[in-house]
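S.K.: After the structure tokens below, expect a handful of questions from me.
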Ligand code: NCD
Ligand code: ZN
């Protein structure tokens, strides 16, 4: 059986920089038409010059692939309307991190005071710049995302013209919030469609499945599966593929992030063929993002996958992917 996908997009991707970028960049640019590039470098991407030079480095790493990096800035409540207007044509979204909640997010927002955030968020609304949010409080780790729903509500009601993307949702509460507010959208990762906390810590600890937000309960995973498989128009694929070197994962003090970029389309294909349809997969990996992010141009690319065994490499350079060493049912056989 052969499946064709048109212009797949990864709406949440970490490409890092320097040597790591040269390893992981091509693994996305080969099979995806474009990706939203997260700005959590050290230091974060927060100036026009920083954004443009990072984009150059990405394009260089991705060589001649047909691939558009959709650039983002690291949210700061001090961004003025004049600054945002000057950078608007170069970026696709702005990413808001709560301070210290995940990898390289120390300079993020604390307190979520609406008056402090208002000038920047009003300017983003007027300039039609979407806001991507890492939605976790600093509460108990399993409750962080559900607790953040009240902050999503505050943002959605105070800034009704702002498109707000709840990044990498992992709970049924976030799925429910999607239905409540017109201006809330979501990305869902590959790994959160498959794993629960049991897979991370129920047996021997699996550092390569440790990420933020932490995988939750079976009923949460089921809620994510439902909206993904039905091609829900407010939901997009965003891998949150987040590579770390092997020593940073297999260590005392494991870094958060699951590396899935090179296996994502193969695994999603098997999943949608089994439980849904290829049309819904096309919605999930491309069409919905095209509609939600009305400000992006998407290069044409056709990916063919066939039912042909693919053994996931143990490592890509120094990075261990999800399902390392395991056999997948589908392979990418053609890219045009
Ligand atoms: C991401 C990373 O490593 O940059 N880690 C993760 O666990 N997802 C950051 C993020 O998206 O939270
Ligand atoms: Zn991420």
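The first residue you see is number 1, and the count goes up from there.
Placed from the backbone N, Cα and C atoms, the Cβ positions cover glycine too.
In TrEMBL, annotation is done automatically, which means it is predicted and not curated.
Checked TrEMBL, it gives:
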- 240: active site (ACT_SITE)
- 12, 14, 95, 240: Zn(2+) 1 binding site (BINDING)
- 95, 134, 168: Zn(2+) 2 binding site (BINDING)
- 10-255: domain 'Amidohydrolase-related' (DOMAIN)
S.K.: If you average the pLDDT over the domain 'Amidohydrolase-related' (10-255), what number do you get?
M.R.: 98
S.K.: Of 14, 95, 240, the recorded positions listed, which put a C-beta under 6 Å from ligand 1? Please answer none if none do.
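M.R.: Near the molecule: 14, 240.
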S.K.: Around the Zn(2+) 1 site formed by 12, 14, 95, 240, list the extra residues of the same chain whose Cβ is within 8 Å of the site's Cβ centroid.
M.R.: 13, 36, 38, 40, 132, 167, 168, 187, 238, 239, 242
S.K.: Distance between residue 12 (Zn(2+) 1 binding site) and the residue listed as 'active site' at the Cα atoms, whole Å?
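M.R.: With the alpha carbons as reference points, the distance is 5 Å.
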S.K.: In the same chain, which residues outside the set 95, 134, 168 have their CB within 8 A of the centroid of the CB atoms that define the Zn(2+) 2 site?
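M.R.: Sorted by sequence, the hits are 12, 38, 96, 97, 102, 132, 133, 135, 167, 240.
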S.K.: Fill in the CA-CA distance, residue 134 (Zn(2+) 2 binding site) to the residue listed as 'active site', as an integer in Å.
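M.R.: Given the Cα positions, residue 134 (Zn(2+) 2 binding site) is 11 Å from the residue listed as 'active site'.
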S.K.: Using Cβ-Cβ distances, find the residues under 8 Å from residue 95 (Zn(2+) 1 binding site) that belong to the same chain and are at least 6 apart in sequence, listing them in sequence order.
M.R.: 38, 39, 40, 72, 73, 74, 75, 132, 133, 134, 167
S.K.: How big is the gap, in Å, between the Cα of residue 168 (Zn(2+) 2 binding site) and that of residue 14 (Zn(2+) 1 binding site), rounded to a whole number?
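M.R.: With the alpha carbons as reference points, the distance is 13 Å.
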S.K.: Relative to the Cβ of the residue listed as 'active site', which residues of the same chain, six or more apart in sequence, are found under 8 Å away?
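M.R.: The answer is 12, 13, 14, 167, 168, 187, 189, 191, 211, 257, 258, 260.
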S.K.: Indicate whether residue 14 (Zn(2+) 1 binding site) is helix, strand or coil by DSSP.
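M.R.: DSSP assigns residue 14 (Zn(2+) 1 binding site) to coil.
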